[in-house]
Each structure stands twice: as structure tokens, then as C-alpha cells.
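All remarks here apply to the structure that follows.
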Amino acid sequence: MVKVTEIYGEYAVNVLPVHGIASLDFVILTTWVGGGFINGTSEAIYSWGFVWCQAPFGYAASLWFGGFFFAKRMRSQGYVTMLDPIQQKYGDRMGGLLYLPSLMGELFWSAAILGALGSTLSVIISLNYDVAVIISACIAVFYTLFGGLYSVAYTDVVQLLCIFFGLWLSIPFAMTHDAVTSISVNYTTVWIQELDPAYSGQYIDAFLLLIFGGIGWQVYFQRVLSARTTRIAENLSYFAGFGCLFLTIPPLLIGAIAAQTDWSQTGFKSAKNFSGALPEGDARMVLPLVLQYLCPSAVSFFGLGAVAAAVMSSADSSVLSASGMFSRNIYRAIFRQQASERELTWVLRIAIFGVGVVATVIAITVGSIYELWFLCSDFVYVMVYPQLTCVVYFTGTNTYGSLAGFIIGLFFRLSGGDNLLGFKPLIRYPWYLEDSNTQLFPYKTFAMLLTFVSIFTVSYSANYLFKRGILSKQYDVFKCIVNLPKKKPSKIFHPAQELNVEMSSKMTVTTKKAMHTFNKKRHCIGNKLRS
């Protein structure tokens, strides 16, 4: 059993009460496989084709890279949250600042999940999409408030089983529906499509963002840091990556089926006036629409129920992850270091409610589940991934470099603009498309590299200036190079005394008596020899 090591009341921040390695493997797999995963994959296949459905493959690779480069190092140090090493090295305030892009990522991810659940409920009970999202958020926040991570651990396992059986059961019936053309007919132009060489830079930029932007997530580390050993944490990340690829197949096929469907021949009324295609605003509901209108009633009932349960269960882990980081890394570390467990529990509850409200607003405002799923790793890639890498692998970096990297990375990321967030670019990089406000240059990777360069340049420059005495000690305002805070003096032991203390804490009473008798006799023999 994986033990709970950090609890605020009934809420565990990073550890899971899960029995067995197989269960923990399921839990790590659900880092990405959830509502946003299945609904977003189907939407991407239907809307843009297989070539541009990058997220499931990029996030699978992020699990492999995270397991290889970070799982062992983070787990062996006994950290509780992802931001712990950052706060230990750069200070509480810098860790709190880096919480903001992590929070944005968690909010976008939660919004994608709520959008997926809202679209499913909207299809099942013919409810308005916005109302369905609000109801979904209320349910997710409610059982996260009263269940904590215990609800997360067990619903994560059930979630995968629901996805596996619910989707695979529906696919044969959907494929054989009269309104569906075989997915092998004109597949290269209908649901696979081709990559325009002009978009190669944007394509590579997106893949790198998904791979490395998928690492710096507390929702991933809260599972990895719960593993019993470092080897288990590392291996489970590899297995989860392959599991992620395997679970991509059902929603991928459903998206292909939807692309080959003449929706005017189904019972979906909104498609009657759209020449057999889905209206643009309904593309986010592709997966539940296939289950509802292309499958028999019994299969549709089971499939939609399973998907709804799976999507609902994936909302809590992201909400609790963002709230847990706020209560531990912001509230307690910066504002209330002496806060009691009861106080932290209430702070966590309030944070859960706040995260749920903001994620609901985002889910209603943004029209695409896949784009939300993609966007959630954007700022994490540019600002958090370089900082985490420097903390784990490079000892020479400091708070000055971290702050400089944060500011420069944020500036160049925002200056590139973003159509989904609704702001135009300040910097027009090469191959910029004026008509669509699209950057074909890989500007997000460029901003990430500038973050790295800034951290190194400023950190080592500050080290040189302070340690060589060029800058006075009093200017080390962050107290991280020469103007270090005074530590409380510790009691100094003689090596023999320290060894004796260590041994005495491990020996049984019988062993201690035997050692005492032996030392007494040795002392007597020594006195006789000296005399």
C-alpha cells in the first residue's frame, strides 16, 4: 500500500491510498487519459485530421521523458509537491510566482474536462451546453470537497475501465451504421489529411510543447511522488506512456467514424441543414454524438454512461492538484507558515471552490475541448519546464536567474500572441500570416530557450559579481549567494559520541546491556595495563 505522508485534514496533497503496483500504474496513466483526452482526440480527428492530432502522442512521450529524467530524482529527494525543490532553491516567493503558470495550466486542463463532461451530459439529456458545464462543475467540486484525494485515487482506476469497455463496445456498432462510410474510403483526404510544409515550424513547435510542457505538472508528480520506491516511480511512467498510446485508439477510431458519417441521415437534428456535416460549434461533441446516434439504444446507454463517469472522475484530480499547490506552496509557505492543519483544510476547500468556478467560466467561453487540452501545457512549457530542469540538474542557478527567466519567457510568449486567448502579437516572427494572425515560426520553443538562456546568464553573472566582491554583500537582496540568512547553531557532537548516539537508537535493550558490560570490562583491563 502507498502511504499518505502529507495530509491537510482529510485531504492528501501528493500521495494516493492505492493498493498494489498495478493500481498505481492506472493512477499515473490517468495523468492525461481522461475526459479531455478522449473527447479532444475525437474532436481533433474530425476537425483537423490525424496529422494534427498531436496531443495524445505528445503527452505519452512526456510520460516517458518525465520518468527518465525527473521521476527518480524527484522521488529520491522526498518532495511533496512539484514546487518544493523550486522553493527550496529559489525561495518561497519565487516558487509562488512560478505557481501562476502551473495554475493556469491546471485551470485550462480542468476547463477541458468540464467541457467534455458538459458536452456528454448535453447529448444524453438534451440540455443546453452551458448549463451542462455548470452542473458538471458543481458535481466535481462537491465530491472533491468531501472526498479529497481518496476519491481521486479510486475514481482514477474506475475511470480507465469505463473508458476501455464503454468505447470499445460502441465502435463495432458505430462502424456498421447505415449513415457511415467505411473509414478506409478516401481516408487520406477525409480524416488523415496531409501536413503543409509551410506549417512545419508550427507543427514541430506544437510537438515539443506537448512533450516537455507535459512534464512540469503537479497532477503528474502527485502520483509519481506516491510510489513506494524510485524504481517503481520510473518504470510506471514508462508503462503509463504506452498505456496512453493504447487508449488513444478508441477515440481516434470514433473521430474517423464521425468524419465518414452523413449526419443528415441520423437522428441528430442540428445536422439536417448542413449537408451531412456537423455544425461548427458541435465538433466538440463528436464522441458523445457518435455514441448517441450511431449505436443501438442499449449500447448507447452503457457507452455514454461509462464515458460520463470517466470524464467526471478525471475532473477532481486536476482541481485538487491546483488547490493543493495553493494551500501548501502559497498560503502556508508565504503568508501563514504557522497555519494549523484545520486552517489549511479550510483554505484547501475554498481553493477547490475557486478553481472550479474559474475553470467553469473558461469551459463555457472557449469553444474547443482539444484546444483547451493543448493550451494547458503552453505556459508550463515556456516558464515552468526550464525552471524545474535547472533546479533538478544545475546547482549553479539562483533566484536572480530564475526571476529573469520568468520575466523574459513570459514577455516573449505573450508577445507572440494567441488567437484562442484573444490577443494579437506584438512581435511578428518570420513567416507570419497577417490574414489569420498565425505565427508559423516556432516562437513558443524560442521563448522557452530564452528562458533557459536567461536563467543561466543571469545566475552565473550574479555568482561572479557577488563572489568576486564586485558587488557588495548588501546588494544580495534575495539572500541566495553571499548574504545568506543565518542558520540556528546546532549542537556539535564528537564523532565517537555521534556514533554512540546512532548506535544506541538502533540497539535493543539486551544489546545495550551487553555493550555496557563489554565496555566496563574493557575499561578495567585498560586500567590494569596502565598500572
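For all residues, glycine too, the Cβ spot is worked out from N, Cα and C.
Those TrEMBL annotations? Automatic predictions, nothing curated.
The transmembrane segment annotation in TrEMBL covers 12-33 (among others).
Per TrEMBL, transmembrane segment is recorded for 45-71 (among others).
Beyond its flanks by at least six residues, the transmembrane segment (97-125) meets 34-36, 38-40, 82-83, 86, 132-137, 140, 213, 216-219, 284-285, 287-289, 291-292, 304, 307-308, 311-312, 314-315, 318-319, 321-322, 325-326, 329-330, 355-356, 358-360, 362-363, 366, 369, 372-373, 375-380, 382-384, 387, 402-403, 406 of its own chain at Cβ-Cβ distances under 8 Å. Taken from TrEMBL, the feature transmembrane segment covers 97-125 (among others).
Taken from TrEMBL, the feature transmembrane segment applies to 131-150 (among others).
According to TrEMBL, the transmembrane segment annotation covers 157-175 (among others).
The annotation transmembrane segment is assigned in TrEMBL to 206-225 (among others).
What TrEMBL records for 237-259 (among others) is transmembrane segment. If you look at the transmembrane segment (237-259), the same-chain residues 6 or more away from its ends with a CB under 8 A from one of its CBs are 25, 28-29, 31-33, 37-39, 41-46, 50, 53, 56-57, 59-64, 66-68, 71, 160, 163-164, 167-168, 170-171, 174-175, 180, 183, 187, 190-191, 224, 278, 286-287, 289-291, 294.
Residues annotated as transmembrane segment in TrEMBL: 346-366 (among others).
Away from its own ends, the transmembrane segment (372-396) comes close to residues 36-37, 40, 54-55, 69-70, 73-74, 82, 85-86, 89-90, 98, 101-102, 104-109, 111-112, 115, 206, 208-210, 212-217, 362-363, 366, 402, 405-406, 409-410, 412-413, 418, 420-421, 444, 447-448, 451-452, 455-456, 459-460, 463 of its chain (Cβ-Cβ under 8 Å, at least six residues beyond either end). Annotation comment: TrEMBL describes 372-396 (among others) as transmembrane segment.
Among the features that TrEMBL reports, transmembrane segment is placed at 403-423 (among others).
Look at TrEMBL and you will find 443-466 (among others) tagged as transmembrane segment.
Highest Cβ pair count under 8 Å relative to the transmembrane segment (443-466), across stretches 45-71, 206-225, 346-366, 403-423: 403-423. A contact between the transmembrane segment (206-225) and the transmembrane segment (45-71) is present, since 3 or more of their C-beta pairs, 6 or more residues apart, lie under 8 Å. Tertiary proximity for the transmembrane segment (45-71) is limited to same-chain residues at least six positions away from its ends with a CB under 8 Å from its CB atoms, namely 28, 31-32, 37, 191-195, 203, 206-207, 209-215, 220, 224, 227, 230, 233-238, 240-242, 244-245, 248, 251-252, 254-256, 258-259, 278, 283, 286, 368, 370, 373-374, 388, 392. When Cβ-Cβ distances below 8 Å are used as the criterion, the transmembrane segment (403-423) is approached by residues 94, 97-98, 366, 368, 371, 375, 378-379, 382-383, 386-387, 390, 429, 436-439, 443-444, 446-448, 450-452, 454-455, 457-458 of the same chain, each at least six residues removed from its ends.
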